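These come from Swiss-Prot:
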BINDING   37, 38, 103, 132  [4Fe-4S] cluster binding site
């Protein structure tokens, strides 16, 4: 389909990878997965004061098939976890996940059976954004950090290897139910 399929493995010039990373980072299409108060701050980021359109993200996509960045904003319940994974699986490659807020990152103050203690138990997370709720400036900083990470991503079969290894490492976390004495 693209240049990464046409060229043999290992035969990519650094400038081509750099150019592809530059283009890719400037055209992220986010899918918002707003579940709590963090979603309000995410919507404020799209407003005129903070202007997320400067980074090529002016339209939040309603369909995961059109998005390559998922911003999980807020707490995820156990019933919502399969839906989150299904949306992640429907996104186009390459795809990235940003966990926005303490609830998405670690469950927040909701340490009970109904809330997933961090979305990294469901999908691999690329950037963790702390705060309750994080301000739009922090979200923009996290997006710029993600831009730097995207710029360094390789092309071709190497990209698939890196993505597969990152997903395996991210989902290898110990479930919090197995962590004894967490709040004692």
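Numbers run from 1 along the shown chain.
Cβ atoms are placed via backbone N, Cα and C, with glycine included.
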Practice item. Please list residues from the chain of residue 37 ([4Fe-4S] cluster binding site) whose Cβ is under 8 angstroms from its Cβ, counting only those at least six apart in sequence. Key: 74, 101, 133
Revision key, fill the gap. Sequence-ordered list of residues in the chain of residue 38 ([4Fe-4S] cluster binding site) that lie 6 or more positions away and have a Cβ within less than 8 Å of its Cβ, or none, is 73, 74, 100, 101, 103, 104, 133, 134
Check your understanding: When you average the Cβ positions of 37, 38, 103, 132 for the [4Fe-4S] cluster site, which other residues in that chain have a Cβ within 8 Å of that mean position?
Key -> 36, 41, 73, 74, 75, 100, 101, 102, 104, 108, 131, 133, 134
Exercise for review: Give the residue from the binding-site residues 103, 132 that has the most other Cβ atoms within 10 Å of its Cβ, counting over every protein chain displayed.
Suggested key: 103
